[in-house]
Every structure is written in C-alpha cells, then in structure tokens.
Amino acid sequence: MSQTTTFEQPKTGTWDGGNEPFKASYGKLMMWFFLLSDAFTFGAFLTTYGLARHRHHAYEGTPEAFTFSTEWWPIPEKVFNAFPFFHGVDWPLAFVALMTMILILSSVTMVLAVEAGHRMDKNDVQKWLLWTILFGSMFLGCQAWEWSHFIAGTDEGMKLADGSVIYGANLIVNQYGPPLFADLFFFITGFHGTHVFSGVVLLILIFFNTVNGVYHRRGHYEMVEKVGLYWHFVDLVWVFVFTFFYLV
Amino acid sequence: MAAHSHHNEDHGHVGDIPKAQTKAIWKTFVILCVITAIEFAFAFMMEAGTLRNAIFIGLTILKAFYIVGEFMHLKHETKGLIWAILVPTILLCWLLVALLVEGTFYGDSVYNYFK
C-alpha cells in the first residue's frame, strides 16, 4: 500500500475547481442538464402530435355512436379499452391507469432507495432498488402487451368503403383511425419505453455495484441519486404522455 | 491487514444507521395517486372540450411539480439550480405553444391554398 503513486493533489480554491456551482456535484448537474435536453426531444414529439391531430377532423357525434374511421381522429378511450385476460370487454383506459400506477410506485421505491443511500444503509438500498427494477420491468411488460394488442387489433376491425376489413395497426395502415395516429403512438410510447428500458439497465448496474459494496467503499451513494433523477424524469414524461395521448 | 480492520469497523457502524424518514415520500405518493384519480373522474364524468383539456393540463403540471420538486428534490436545491432548470422549461412551454398556434395557422393556410 505504501508503494502507491501519489498524484498531484486536487486544487481546492474557489477558482481552481474546488467550488461546486449550485452546491451540486458535477455528475448531478450534468444529469439535470441532460434531462433538460431530453425534455426538448419529448417536447418535439408532443408538438408533432398536436399539429397532426389538428390537421385531422375531430369526431363530432356522440361517444356512444363512435366507430373507427380514417375520416376523423379517434377518441383515445375507445381505442385503449382492452385489458389482459378480459377479451372483448370494454374497460376504457383501465390498463393504462394500471401502468401509470406501476410507474408512480416505481418512482416511490426509487426515492426510498436514494433516501436509504443518504443513511448509508446498504441493505435498504438493495431492497428498494430491487423493487424499482421489478416495477420497471412490469411496466415494460405491460407496454409490450399494449403494443401487441394495438398491432393485432380488435375482433371487428375497420370496414372500408370497398367492403374489405383492416385489423390492427402498423406504420402504413391503422384500424383505429388515420395512419398518423398509429405512427405517433409507436414513436411516442416507443421512445418513452426505450427510456424505461435504459433506466432498468442502469438500475440493474447500480444494483450489482451496491451488492458488491462499491458505493459503500466510496463513502456515498451519489450514483443511486443520479440514476434516480433519470428514473423520475421517465416517470414525469409518462405523466405528460398519459395526459396528451390518452386523456385529451 | 489494514483493509481487514477497516472492514470490521464498517460492521460496527451497521448499528448506527439512522431510522428512515419516509413520511414526506409517502405523502407525495398519495397526492400523486389522488390527482390521477381526479383526472380519471374528469375523463368519464365531463364532456370533452377545451375546459376539460385545460383541467387535464393544469392537473398534469401539478403532478409534474410534485415529481420534480419532491422526488427529484429540486425544491430543496439552491435557488440558482432551480432557476437554471425552470427558465429553459418555461421557454420550452412557450416554444411548444408558439409552434402549435403558428404551425396550425400555417397548415390551414397551405391546405386552403391548394383546395
């Protein structure tokens, strides 16, 4: 141990890099600014959605008489009304409500992991990280189901003027309405889902580091905080996607 | 040897871990759940329209406030950091509204021009 090379001591003066702007570490600050840039990306998606929606006619009849047509933008609660194992039952937005609850719950377990990290409580950090990984993976599973249902379509499909029937949706045809509706569904929820997936990968990495005692030896659990910031942002994006895609 | 004794010291510290302070976290969770429930109540009990959309957007921003303020801890950071995040976000909202309004107008003009 005595043979360790001594490096130059870090400078600690205010103008030598010893000062932390905003009393936040470099890593946390950069995570905040990365998230800000990510918000711009999602902002672009939502703008595109708003413009595309406005360019199409809104459905003007009563909600009870609603049918799928490429003539008008669909009502979300008529599109997203299926629930796993309840085939053909009309439960508007029930599944997406479940997904929202799962993601909010994962945010809570994440913040509990960060809190445990502040107390240097390795066991609690491990426990809450595992819960967060579980809820994150559950959300991804739900989204996979939602996508496969959206792609496969309903039993009735959409009848075209020439008598043929479309089932489900892809990037070119869409039984629920104009093709752009399906395109934006795939891009927006897909981009968010990719973020959730990266988040789960990061969570698994820091879980292994925690178990191996990397952060305990380092003396702080800041990495858990940084991944936590990312994870909450993903939850935040879902809150907006939920409002603009499923509610409005 | 030195590393080993350090290891023992760590074990001695386990008993000193302070108790978890999770009251504020669960309170925020309950608030977020209640707001989501209110959103669903509006989705099913109110006719679709501009007013309902405004309520949805208002409730969404309220949810965002709790997630960013409490979960991401921004409320408890320094004033400088709060503004550094908040000002670009407000400008982003302005950009979104401007793009939607101007883009809609432009889209309609082009569409009507070729009609």
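Heads up, the Cβ atoms here are built off N, Cα and C, so glycines get one too.
For A:1-248, the entry in TrEMBL reads domain 'Heme-copper oxidase subunit III family profile'. Summarising the annotation, TrEMBL assigns transmembrane segment to A:29-52, A:93-116, A:128-148, A:184-208, A:229-247.
Only residues 6 or more beyond the boundaries of the transmembrane segment (A:128-148), in the same chain, are considered here, and those with a CB under 8 A from a CB of the stretch are 80, 84, 95-96, 98-99, 102-103, 105-106, 109-110, 112-113, 116, 186, 189, 193, 196-197, 199-200, 203-204, 206-207, 210, 224, 231.
Non-local neighbours of the transmembrane segment (A:184-208) in the same chain are 38, 41-42, 45-46, 48-49, 52, 103, 126, 129-130, 132-133, 136-137, 139-140, 143, 146-147, 150, 169, 171, 215, 223-224, 227, 230-231, 234, 237-238, 241, 245; each lies 6+ residues outside the stretch with a CB under 8 Å from one of its CB atoms.
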